[in-house]
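First comes the structure, then the notes that go with it.
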Amino acid sequence: MNNFSIISAYKPAGGQPKAIDEIIAGLNSKKRSQMLLGITGSGKTFTMANIIERTNRPTLIMAHNKTLAAQIYLEMKSIFPKNAVEYFVSYYDYYQPEAYIVRTDTFIEKDSSINEQIDLMRHSATRSLLERRDVIVIASVSCIYGLGAPDLYYQMTVHLELGQSYPRDKLLNDLINLQYKRNDIGFERGCFRVKGDHIDIFPSHYSDKAWRLSFFGNELEYIHEFDPLTGEKLTQLDKAMVFGNSHFVMPQKTINNAISSIEVELQKHLDVLKSQDKLIEAKRLNQRTQYDLEMLTETGSCKGIENYSRFFTGRNAGEPPPTLFEYLPKDALLFLDESHVSIPQIRAMYNSDRARKEVLVEHGFRLPSALDNRPLKFEEWEKFRPQTVFVSATPGPFELEETGGTVVELIIRPTGLLDPECIIKPATNQVEDLISEIQTTITKGLRILVTTLTKKMAEDLTSYLQDLQYKTYYLHSNIHTLERIEILRDLRQGNIDILVGINLLREGIDIPECGLVAILDADKEGFLRSEVSLIQTIGRAARNSRGKVILYADKMTKSIDKAVSETLRRRQIQQEYNKKYGIIPKTINSAIHTLESLEEIHDNKLDKKQTNTLLNNPAKLKSYMDKLKKEMFKAASNLEFEQAAKLRNQLKTLEKAVLELS
């Protein structure tokens, strides 16, 4: 059995050793739920890594969005280089679900763009879970959506072993049943090709490795792993396992049974629609479903096959769909990061999906069984989740109820950094006072974050500060994700001194250069000025030893009182620790990632300006990457392997940039 092995120059420090011991003790005593209260800069990811290493259990880490999931994935990948660290998020770059607008009688067809790199990583994740135990999967909350059943996914594999007999026609047919395509010219992921007594397979979970099978008659003599671009042999294998090119592959018998069940449901629902005098809806449903049935019969797949998933998995109406949780071993461990945000998201996902599909069913676009192609209900997720550690600086009511209010605190930072000093000032003339504070902070070479209550106030304040010649930017919800990260990078580099926002300056923003966080109208109770929001916003100044927070308020609200009191409590604990061990607080100097640092873009004749333009325009990016891919294969076919390798590196650079900046 493979063991987890941390490769790091650091050892647990600060509050980490105590937190690790307490969480592990709780796991060993079979506690189903624990709460890790980890503040900004305390080393939550490293703490989770040490818990994983010591318990040696397969682990799922859930984050509330792709950006945070990618951040954790990259960190875990560097901590566990010898183990399987996987990334499982939605593979759509763009997704428009099918919908029907009754008021205008408008049907919106499903439209999507699949990210091949993320699809590859999803296949790699499920494969690792089925083949080994030293696996850490970092997923977004979208992992509670339906996925192909693990038993069917594993059943639909081709096992290859040296010395065994594989009739050629049967092997090729098996690969086609796994939805691999034969392509003797353009060899890419999810394809196979045949040359004499060789069969080359490009597995769905690899981007830069393929397998060459060499036969003597029907006997498998060699399995070589090779570079599909240059043809260079990498290693020799004794055996290999080919998984499906889709999570929805299934045996022909299952497809035939499903077709029969779909036909039965179709007839029943047509009778229902006709009894309601919905003749147009009945005709529409019959046409759409019959077309899907023909495609399933002829090809084993159809567009929107996931809407019939209940029939393929053998589940009854209303039963939960198979998800990533069914791929987890029974002794798996779950970390739910930023649980105060993730829990409400999990609660909401089912209802929003259900409302859209009920309209489709009612108007004859889908069968009622489409309602079972859905995310898990919260109660189902609660049932399926394994032993869980909730992780948050501000635990929500669900986590506290589940853990009986008991939390494991991780509030001592190894760096000695204190929680920022919180100063409360009158909201009257808050802008004039803010300008004075801004000037003082900029003089120190530090940056400023300002959070307002309304969009109009943020816009007006930004314009006002810009008129005063301050380098100010307004961070709002309409800004594209990649542009948002560029803005934050400009802030860290000093191209921007002040960032103004509403609800965007909370979880996951790492700005060690931040010396001041100003919270305007802090006494206006509500979502944006709740205890949780205030603590999260205050935390943005916790990565700099000179960081401070000013709350502009004319009255003391319960939220301000609790947030400031909690910050003061944490500050005092850190001060005592620093005094005891003679630690001088040091600002966290994390690297400012530039596009050049992702890979040597200039070596491939793609400058930063070009890269930024591409990354901020998904359509152009996809077109450019498709062009690069064609040029790469053309160079390889012309035996220009050096040029092909350069083009491949450039493709990898862009793919990695998209992942890190997504």
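Backbone N, Cα and C define each Cβ position, glycine as well.
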Labelled motif 'Beta-hairpin' by Swiss-Prot, one stretch among 91-114, 331-354, 499-522. Can you tell me which?
91-114
Non-local residues, at least 6 beyond the ends, that sit with Cβ under 8 Å of the motif 'Beta-hairpin' (91-114):
122, 303-304, 356, 359-360, 363, 365, 618, 622
Same chain, 6+ residues apart, C-beta under 8 Å of the C-beta of G41 (ATP binding site), given in sequence order:
R413, T415, L417, A542, R543, I588
Average the per-residue pLDDT over the domain 'Helicase C-terminal' (430-592) and send me the rounded value.
89
Tell me, by DSSP, whether K44 (ATP binding site) is helix, strand or coil?
helix
Additional residues surrounding ATP, by Cβ distance to the G38, I39, T40, G41, S42, G43, K44, T45 centre under 8 Å:
T47, A393, L410, R413
Just going by other Cβ atoms within 10 Å, which of the binding-site residues T40, S42, T45 has the emptiest spot?
T45
Secondary structure tally of the motif 'Beta-hairpin' (91-114) (DSSP, helix then strand then coil):
0 helix, 15 strand, 9 coil
I39 (ATP binding site) has how many other Cβ neighbours within 10 Å of its own Cβ?
26
